[in-house]
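Enquirer: Sharing a structure with you now.
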Amino acid sequence: MTDPKRVAILISGSGSNMVALAESMTGDHPARPVLVLSNDPGAKGLDRARAIGIPVAAVDHRPFGKDRAAFEAALMDRLAEARPDILCLAGFMRVLTPGFTEAWAGRMLNIHPSLLPNYRGLHTHARALEAGDAEAGCTVHEVTAELDGGPILGQARVPVLPDDTADTLAARVLVQEHALYPAVLRRFAAGDRTPVLLP
Ligand code: GAR
């Protein structure tokens with residue numbers, strides 16, 4: 001059997017998708033977590049990763065100001081120490097430059113809280129409600145230089161209910177995110193890019 005793929009998970013906030021990914025990488029899983037990295041030293045998810053026993057690091061983006069390339073060079077340095085094969089963006093809220101996305105082409109995944117190609121960017125749930133959509137969901141895709149635009153590796157759908165607010169819809173989608181992302185990562189780490197469709 002080949003060695004498990006080494007996975008680094010990039011977060012900015014609470015890290016619930018990171019926990020779902022990390023907890024899935026056990027037993028005969030073809031990957032294992034080697035680092036949780038945040039652009040925010042105060043991210044709640046760093047504590048959750050420590051509690052699970054995954055090495056953590058933070059590269060605070062703020063001292064770099066508008067110099068995204070320098071921030072990304074610092075991320076690269078920290079990643080080089082962990083030697084990941086795959087990067088999973090999990091609520092990582094910094095836009096990455098083409099220099100970074102090209103360096104990780106074919107090896108970097110992201111989860112986005114909409115049914116892409118609908119609603120790239122922010123405020124996805126409010127925009128789905130505003131549009132009167134009957135369905136919402138989430139997408140895992142490969143990261144390319146185009147924001148939320150890379151090849152789709154999986155989607156999960158939920159109904160939009162009559163009384164939904166952006167928060168209630170986000171909570172319903174998040175439950176599906178925690179099922180979808182581990183399912184996609186398992187396939188991807190095994191070399192299978194066939195899209196996962198849930199439910
Ligand atoms: C998730 O809903 C994720 O899809 C979203 O941020 C949340 C992070 O939650 N990501 C984006 O909006 C990316 N543009 P988590 O930190 O609990 O996983």
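Cβ coordinates come from backbone N, Cα and C, glycine included.
If you look up TrEMBL, you'll see 5-185 marked as domain 'Formyl transferase N-terminal'. Taken from TrEMBL, the feature N(1)-(5-phospho-beta-D-ribosyl)glycinamide binding site covers G15, S16, N17. Per TrEMBL, (6R)-10-formyltetrahydrofolate binding site is recorded for R68, N110. According to TrEMBL, the feature site 'Raises pKa of active site His' maps to D148.
Neighbours and distances for these, please.
Expert: Neighbours of N17 (N(1)-(5-phospho-beta-D-ribosyl)glycinamide binding site), defined as other CB atoms within 10 A of its CB across all chains, total 27.
Remark: R68 ((6R)-10-formyltetrahydrofolate binding site) has R94, V95, L96, T97 as non-local neighbours, by Cβ distance under 8 Å and separation of at least 6 in sequence.
Look at D148 (site 'Raises pKa of active site His'): DSSP puts it in coil. The number of other CB atoms found within 10 A of the CB of D148 (site 'Raises pKa of active site His'), across every protein chain shown, is 18.
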Enquirer: Including all protein chains displayed, how many Cβ atoms other than that of N110 ((6R)-10-formyltetrahydrofolate binding site) lie within 10 Å of its Cβ?
Expert: 24
Enquirer: I'd like the Cβ neighbour count for G15 (N(1)-(5-phospho-beta-D-ribosyl)glycinamide binding site), meaning other Cβ atoms within 10 Å of its Cβ, all protein chains included.
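Expert: I get 25 for this one.
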Enquirer: Restricting attention to the domain 'Formyl transferase N-terminal' (5-185), give the mean pLDDT.
Expert: 98
Enquirer: By CA-CA distance, flag whichever of G15, S16, N17, D148 among the recorded positions is nearest to N110 ((6R)-10-formyltetrahydrofolate binding site).
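Expert: Out of the listed candidates, the nearest Cα belongs to D148.
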